[in-house]
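Student: What Swiss-Prot records for this protein is below:
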type: BINDING; residues: 64, 67, 70, 114; note: [4Fe-4S] cluster 1 binding site
type: BINDING; residues: 74, 104, 107, 110; note: [4Fe-4S] cluster 2 binding site
type: DOMAIN; residues: 55-84; note: domain '4Fe-4S ferredoxin-type 1'
type: DOMAIN; residues: 95-124; note: domain '4Fe-4S ferredoxin-type 2'
């Protein structure tokens, strides 16, 4: 008779323990219910990128002196710089500048080490295409200024600032 009573006690303790675990899980679920949503509806809502965001590279053709520092500091030797030496003034003249964003790792070394600041990072990150050859941008495509997300009236922008708890 005693083994039956102890088994019944163990069953009761296990039932209480299981109910407590379920209650703890339910309390965690309820604590998450009053939080703001983490996800956004992407094509219609966009997050405002941070100031140091490394997006598409913007290139200013007139500032470039064809020194090829960007090619030397690039970990994958990506920028293609074509230039011609002008013998009468003994300076390089830039003919063509291109970057293939299908290969670029967006490290920002080219922007950081450029002596004339002709390269800069933009907030543009939508570079997807159906053909990978379209990701090879020449100096004309690199010189195009991106449309700011804030200026686009069709998109609702969401400021992503972390909450500071005090």
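Glycine is no exception: its Cβ is also placed from the backbone N, Cα and C atoms.
Source: prediction; values computed, not measured.
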Student: Which of the listed binding-site residues (64, 74, 104, 107, 110) has the least company, meaning the fewest other Cβ atoms within 10 Å of its Cβ?
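Tutor: Lowest Cβ count within 10 Å among the binding-site residues (64, 74, 104, 107, 110) is 107.
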Student: Out of 67, 70, 114, which of the binding-site residues has the smallest number of neighbouring Cβ atoms within 10 Å?
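Tutor: Output over binding-site residues 67, 70, 114: least Cβ neighbours within 10 Å is 67.
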Student: Going by Cα-Cα distance, which of the binding-site residues (64, 67, 70) sits nearest to residue 107 ([4Fe-4S] cluster 2 binding site)?
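Tutor: Its closest listed neighbour, by Cα, is 70.
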Student: Inside 8 A of the center formed by the CB atoms of 74, 104, 107, 110, which other residues of the chain have their CB, for the recorded [4Fe-4S] cluster 2 site?
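Tutor: After dropping the recorded site residues, what remains is 57, 70, 73, 75, 76, 78, 79, 99, 105, 106, 108, 109.
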Student: Return the member of 64, 67, 70 nearest to residue 110 ([4Fe-4S] cluster 2 binding site) in space, with distance defined Cα to Cα and candidates limited to these binding-site residues.
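Tutor: Nearest listed residue in space: 70.
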Student: Sorry to bug you, but what's the C-alpha spacing from residue 74 ([4Fe-4S] cluster 2 binding site) to residue 64 ([4Fe-4S] cluster 1 binding site), rounded to the closest Å?
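Tutor: Residue 64 ([4Fe-4S] cluster 1 binding site) and residue 74 ([4Fe-4S] cluster 2 binding site) have their Cα atoms 16 Å apart.
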Student: Cα of residue 67 ([4Fe-4S] cluster 1 binding site) to Cα of residue 74 ([4Fe-4S] cluster 2 binding site): how many Å, rounded?
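Tutor: Their Cα atoms are separated by 13 Å.
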Student: List the Cα distance (Å, whole number) between residue 74 ([4Fe-4S] cluster 2 binding site) and residue 114 ([4Fe-4S] cluster 1 binding site).
Tutor: 11
Student: Given residue 114 ([4Fe-4S] cluster 1 binding site) and residue 104 ([4Fe-4S] cluster 2 binding site), what distance in Å do their CA atoms have, once rounded to a whole number?
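Tutor: Rounded to the nearest whole number, the Cα-Cα distance is 17 Å.
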Student: What is the separation, in Å, between the Cα atoms of residue 104 ([4Fe-4S] cluster 2 binding site) and residue 70 ([4Fe-4S] cluster 1 binding site)?
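Tutor: Cα-Cα distance, residue 104 ([4Fe-4S] cluster 2 binding site) to residue 70 ([4Fe-4S] cluster 1 binding site): 12 Å.
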